[in-house]
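Notes for the one structure printed next.
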């Protein structure tokens, strides 16, 4: 897999993990209100969160109090006398939720009680906690350190990736959460409520809609109060885009001393791998009853079947369910793969069934051999670093011709045998013509041209199995060459023009995008270029590009510094640093909080460079050849190639979703 260095994209942990990091602290100053009634307002002047936790409580009242008494659930009570400046100090020595009670009597003889709770943690654990892979968080958990956004409607649904676990909350302050996810056929979604209040769980309504119909739910179920989870997870009947809607049922919020804690719906939403990706016999189940079961049904009608494995048809399984008064959706009447999985889950949930599962098919365990005939492929070590062959095998593809990656660079050698099969018509914004061929940037006699764009394009999509050179990460996709760099580099205006062309922006998208040559918007843009200066004009153009869902990837820079390099450092641009053959940060690579991900860039100082298509004009006209280079310019197209493979599988993949992977 790609060696990833996430720096500034911290994934939120669940509330349980957050509690491990609480530090003992002491608040000074005034007396914040923690609970009240009509007569007394109680506050604290200092507190600590971790045992032994010392709290100092005080009160305010407009009444004349002649007596008062503090009581604490962990150890008896401490009495005080009358007086408006009365305070009491209490040390909590046990972790948990403790009750704090104040009893009082006024001069007029009125008595009353105020009561609430404080939360004390068990201790401090030092170190670092890392979120599990593919862990996400609901965007509107009201974290003060995060932007104030919401996912409270279909229009603002939070995009989430498949095969991920998401933590969130629905309560009186945030009744609904919406998510959008691309699912494969037979992929399942489960929901678990985390909070148990008085030995039961509050319910959350779980609804699923197909993206083209947000009125009629495809699936509608509530989590159980006894277990906190769904009886039957949702299983996608077909590959496509789905909306998930979570709604708090009878929402409430319980107030703790000095805090407001959600008591309703801290939840975990699990998008699981497609069980249907494994092969099984549609319409058949493998069922085993517990030996103590007294139930009988067709196919399980004799006691000798109890405790034994039995193969059932869906017809027999439905008759068995009917005999036990198990309700099931009327749609579960055919023998499709989806119905088979749903019936299996319903049966498996019954207390008399030891297990129920599809009748799996098994095959020889060897993977289909993957052969690459290109003579230089064995020298492209950098593809092993990102497990490229495994990705190709899992996809059963090397990319789709429907996916196009724009390479904004020096142009490409359009006649190169490893590139010409995968090129679409591009544009040259240096010479302002439709010929994106790289004429070379040979300036001083005796030097070669860089043919930088040719090398970058080859890493993304050099042709495979053509008996020439090596291959690219995604040799099945297309390349749009856009020349924005010349002999002396390129200017902002030329790069902006290239972006407008690749994204097919117009003046309605950005005022700078005028007179854009006709074309088709690409899916991904690679920019293996950069400079040190921020430009609000450029930032606005990148925002317009990514707002169309186009994935934008840029090289982080080769200055071995944490200083920003643009466009990689712009918001909405994925910044790529470089690693060497040992998956260590390359000696030249930029680093720091502005880096999003790292990929192979080569390092001549420790091993070798990145091999790709190239040109050599040292002794005359450019020879169409191959060569090794190093740099973050070489790392970025690895990420662009991976994005192209992902886009080939998921046509709904956008820049925002890709960044969340």
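The backbone N, Cα and C atoms fix where each Cβ goes, glycine too.
TrEMBL annotations: computationally assigned, not manually curated.
Going by TrEMBL, these are the annotated features:
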- 409: active site, charge relay system (ACT_SITE)
- 452: active site, charge relay system (ACT_SITE)
- 633: active site, charge relay system (ACT_SITE)
- 57-121: domain 'PKD' (DOMAIN)
- 1-24: signal peptide (SIGNAL)
For this session: Would you mind ranking the active-site residues 409, 452 by how many other Cβ atoms sit within 10 Å of each Cβ and giving me the lowest?
Result: 452
Exercise. Given residue 409 (active site, charge relay system) and residue 633 (active site, charge relay system), what distance in Å do their CA atoms have, once rounded to a whole number?
Worked result: 10
Problem set entry | Distance [Cα-Cα, Å, rounded] between residue 633 (active site, charge relay system) and residue 452 (active site, charge relay system) | 9
Exercise. Mean pLDDT, the domain 'PKD' (57-121)?
Worked result: 74
For this session: Tell me the Cβ neighbour count for residue 633 (active site, charge relay system), meaning other Cβ atoms within 10 Å of its Cβ, over all protein chains shown.
Result: 29
